[in-house]
């Protein structure tokens, strides 16, 4: 196996008889494009197919185990530490040493795998850029394949972008952030690639194509002999981490690189995973560079886990911050666990966007960011996330001022006090109130996000925040839970109970507000009505769908027979 070079790229064939050169058992149903063909080479597809064939049964079993766990929680069980793996939690062991190239991760910027975004993020002054195939990307065929082309050019250092509107050419600086890539979660299929008649697993497509084409150049240019580097989302337990570890080992073996070259940070963004942090690190101990607090998805998972527990209803989501006891406990336990095992404990996202037309509001927003980052660095986090380049200087200043010249706090902030955190701490009911405005905001943001996602945008600026799928997920599941239990809106003195009638009225009024805010023309052109239908249906469904994006995915799948190009 070798990285793609100009010799083994497939030249774009004549459009009259075009199609991808796929190995046996692999069928490409996405649109044909000459640039995509240079990614979807026969050898690269063979590598993806080998991963799919080796791991598909284990992935299916892991997804069945998720369903089984959800059934138990719905029958009244609570997630907790597994007695069977107590020895892993209690014994002293450490993960492999952190590669020098990523010892310093004070500020990381995240964003979709779009060309201009990649250049701006790598040039942003952040230590790391997490390029996202997951929650910040709408997984259309065009977005996914264009993303692979963009990442290959970024790793090679040749990426440029000509913004015709501004008549400006973007290219990489000499000094750039280190690149991490986040593939999709285990649960998402790739409907445009069939392997033995079944849709491929989305994350194996994302990982496989990126690794195949870039591992050699990445290790030479970016990783100082290590890499590539990844972020792994949505895992619920160490069983799922073990599959990733096996995928990494297979990839290293096929590529002929040292075991432990690939490194990954796992997002702890599901409630069951917080009880499995030691076990997840143990499975990935040769390939780990820590854990991250994926806090929005964590709150989404809290609601989903306790969907059948009317005594665990969340207050308005804006009140569920990191100072709530259950979220603070999760963050503190993550720091102690990571530092005990010798790896990074990464903080959460600052989603604010600079407010250019209101200096006073902008100042207040930046102050909130600083306060949040100060809390993180003082708690012992080694770095943090920002969604916009404009936040990087403020985040970097807070972390640098509090950490001095050290690249991380792995040795200096052991947080032994967090060793006494209990299941009760991690499950404590959040405090706060519920309001009609909370219901309205959930509805307005959920519909607008989904409308953008359906038209190909997965990272959406809404009300001075950069939102991804996690916000839409919290909005949806909270609405669903409030509707299911007819909760009383006690936060605004109205005392109204949430019902289908009230929700129908809210949807109608919020759609009118969206139309006013975006303008009639954009509203007519966009997919707001379709998004409204999907969002409202999911909020009122008798059983809660696991993922909004999984349910809505069929609306963005476009099949072309045999990977053909449109006939001229």
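Heads up, the Cβ atoms here are built off N, Cα and C, so glycines get one too.
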Range annotated as region 'Disordered' in TrEMBL, from 1-24, 25-48: 1-24
Predicted model, mean pLDDT over the domain 'Malate synthase N-terminal' (24-85): 97
The domain 'Malate synthase C-terminal' (436-556), counted residue by residue under DSSP: helix, strand, coil: 82 helix, 10 strand, 29 coil
Per-state residue totals over the domain 'Malate synthase N-terminal' (24-85) - DSSP helix, strand, coil: 40 helix, 3 strand, 19 coil
